[in-house]
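As recorded in TrEMBL:
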- 28-245: domain 'Anoctamin dimerisation' (DOMAIN)
- 43-77: coiled coil (COILED)
- 248-825: domain 'Anoctamin transmembrane' (DOMAIN)
- 259-286: transmembrane segment (TRANSMEM)
- 337-357: transmembrane segment (TRANSMEM)
- 422-447: transmembrane segment (TRANSMEM)
- 467-489: transmembrane segment (TRANSMEM)
- 516-533: transmembrane segment (TRANSMEM)
- 632-654: transmembrane segment (TRANSMEM)
- 689-709: transmembrane segment (TRANSMEM)
- 782-811: transmembrane segment (TRANSMEM)
Amino acid sequence: QQSGRKFNLFLKRRLRIDKRHQSKDSIFFRDGVRRIDFVLSYVDDLNKEWEKKLERRKEFESNLQKAGLELETEDKKESEDGKIFFVKIHAPWEVLITYAEVLNIKVPIKENDIPPMVENPLDCVLFPLRLPENVMHPEPDYFTAPFSKDKQELFLINDESTFFSPSMRNRIVNYILTRCPYGTEEGKKKFGIKRLLNNGTYTAAYPLHDCQYWKKASDPNCDSERYTLYMEWARFLRFYKEQPLDLIRKYYGEKIGIYFAWLGFYTEMLFLAAVVGLICFLYGLFTMDENMSSKEICDPAIGGEIIMCPLCDRDCEYWRLNTTCESSQYSHLFDNVATLFFAIFMGIWVTLFLEFWKRRQARLKYEWDLVDFEEEQQQLQLRPEYEAKCTQKKRNPVTQEMEPYLPLTSQAVRFCISGATVLFWVSLIIASMIAVIVYRLAVYAAFASLMENTQTLQPISGLLTPQLATSVTASCLNFVIIMILNFFYERIAIWITDMEIPRTHMEYENRLTMKMFLFQFVNYYSSCFYVAFFKGKFVGYPGAYTYMFNRWRNEECDPAGCLIELTTQLTIVMAGKQIWGNIQEAIVPWICNWWGRRKARNNPENLYSRWEQDHDLQTFGPLGLFYEYLEMVIQFGFITLFVASFPLAPLLALMNNILEIRVDSWKLTTQYRRPVAAKAHSIGVWQEILNGMAILSVVTNAFIVAFTSDMIPRLVYYYAYSENEDSPMSGYINNSLSVFQISDFPERNEPKENPENFVICRYRDYRYPPEHEKKYLHTMQFWHILAAKLAFIIIMEHVVFIVKFFVAWMIPDVPADVKAKIKREKYLTQKILHEYELEKLKERLCQGDKGATEKEFIATEGRMELSRAM
């Protein structure tokens, strides 16, 4: 029986091999002529919904054929697992030209005669970074115009089968699929492939890759662009090479092309910030031994003789200042004069990045024929979900056509529910942050007593202080909470955005973007804001400490300042997010695909068709790019909002982004189905978010330098309170510590033991000593330092903002040569179109067409003269 089964399997495979002579990489129908533009798949499962799904499919496919599309079905017996049907879709020429006009697709009318840019003198130096010309520019540059069925002879149509690129073709077919009806259910008209995918009628809908990524297609009619992208772009060994943006745009569409252009430009600009940040870090490293503050803390005669007040109530003991020697030395790496310079530099760098990106974007808009592309055109295309769910109709004041709309009362209710949900989740983040703060306060005493009493920790106790141990564990706990909240909120955000029923795709993306960014902003940055602006600022003083919930005593900063803790927090969250992001983006899809393809490896190569191979890949959904942008914008926040505390942040971001470009390209080329091509002329609402973060970063960095670092107190001491002309900073540590008389401790705060019978202890503040008439009140130096901090914030903000606005004013958004090219192309395009109209009128006049009057002829010539004048 077993041998008989094997024989039947052999016959089945033999039959399939004989039936299909085409290569497994074929992207054509069985006739080898008609190109497969889209593939639908479904499983013919015999459950209670079977008949309903069958009826929907019949109706849907019938309507697709009525729309002009051609279908070819692969029976499940032909599939690798014997369960899946595949419906191959081809768009013939008539359908393509009809919808090219509807979608306002621009096509070539004349080869570009504008001379190329003058060669860059650095080209010889940059030659190793360049890619071959045929990869960088796979197509000649053309003047283009929106396609018109009535003027086909005007366009450069050499071959109808290749005139529209595969990305244009799959965009047209997707447009038809999303609007094709499939019947009426519950009195409502149902349509769109998305709804059919959601209800299980079809299991997948996708355009095909043109070949396998590791080798070229055997069919000479196939361009094998996927293979080229993999070899020249998606391999990590090509990390130093430029990106083939024109080929990316041709294969994946403008929307994905503009993302990789932005990511590449951002990475290039990070190189400058990373170099300057590294120089600032090296300055701190080389001047570490010259830092007077850490010298005094480490000196046994100074720091060893200063007895500090306990860091927690009752259980903690008195301690000597020199026990924090090593942490104070390391804090100088980030808390030095270079920090101020770098904070100002980054404020200007952000402006340069955003302004130069506008120029780069303007050049891409010209090169990719997006100058006249307005996303308002896309807004006229309503989301199928909006059309399906909105039963009421009203007249559009622009088009004067009846279209569905959502009543104001329904909108108000949906927005209230949405707003309440977002507010609840933001509150949940704040609650979780408070929980982490309570954890910090609760375990601090435990770490303090453990490190004092455990001999095994002695070798690292100088570096691993109770403050640092608490900060590291709390940062790790906070990162875990961030990831968990992210996982749930992503699904909630999509659900509430769907519930709002946005009118257009752009509206949908913008609403989801704002919800997700608001949440991620609070989620990722709240802990950094706490350490930067709240920790150690509301501690009180011995005998009058402040408590959270009247139970946990507020945290104090390390005697060397809170900046090293902010650096630790930033490093853990930023590095952890980048590592986790790369695991999610690369390893998880690879494992899923490996698991899905494990059976196919046992089959002969020619039984595993192109559509089956792509079916087994992961889906790059409509929100795929959204998550990529979100990841990079959150990273942008880390390297701008808190960069004063960590000059190496741009270097970390640079290394991550070099990897990110190759990981994103690798997964898109090898692990995901080919996405449907989409147009975009900018990075959209992300531009406004980046602008907002750039302005906020100036404020946050000014506050970090003023209130979190120790720079302003040191400068005030240097210029106003130093008594040693030869060494102005000597005595600073003693000056920055106030005196407390131990006998003044209330019972709640007093340590259980005082074996050495200390009489006084010191604490970090500027207060009068116990024998002064203003006992424990703030000294005049405290107010001088506070005034200096506020003055510094105002001056730094104004200086950086003035420079930012001046730089933004100096750099035009559109390069002069691009402006000239746009004008030249518009003029030539108008001239060609008007000459065409003129020729047609002349033909009609010669043929004696009475409709072609002399006035029409004169008007057309007039338009030509006007275009020349323009």
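For all residues, glycine too, the Cβ spot is worked out from N, Cα and C.
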Give, as a single whole number between 0 and 100, the mean pLDDT over the coiled coil (43-77). 87
Among 259-286, 422-447, 516-533, which stretch has the highest count of C-beta pairs below 8 Å with the transmembrane segment (632-654)? 259-286
State, in range form, which of 259-286, 422-447, 516-533, 689-709 has the highest count of Cβ pairs under 8 Å to the transmembrane segment (782-811). 689-709
By Cβ distance under 8 Å, which residues at least 6 away from the ends of the transmembrane segment (259-286) in the same chain are close to it? 242-243, 245, 248, 332-339, 341-342, 345-346, 349, 352-353, 356-357, 360-361, 364, 625, 628-629, 632, 636, 639, 643, 647-651, 653-654, 657-658, 660-661, 664-665, 683
Maximum Cβ pairs under 8 Å to the transmembrane segment (516-533) among 337-357, 422-447, 689-709 is reached by 422-447
Lying 6 or more residues past either end of the transmembrane segment (337-357) yet within Cβ distance under 8 Å of it, the residues of that chain are 262, 265-266, 269, 272-273, 276-277, 279-281, 283-284, 563, 639-640, 643-645, 647, 650, 687, 690-691, 694, 697-698, 701-702, 704-705, 709, 711, 796, 799-800, 803-804, 807-808, 811, 813
Intrachain neighbours beyond the coiled coil (43-77), with Cβ under 8 angstroms and 6 or more residues off its ends: 12, 29-30, 34, 83-92, 94-95, 98, 173, 176-177, 180-183, 190, 196, 199-203, 609, 611
Hey, which bits of the same chain come close to the transmembrane segment (422-447), Cβ under 8 Å, at least six residues off its ends? 311-313, 315-316, 466-467, 469-471, 473-474, 477-478, 481, 485, 489, 492-493, 496, 515, 518-519, 522-523, 526-527, 530, 548-549, 552-555
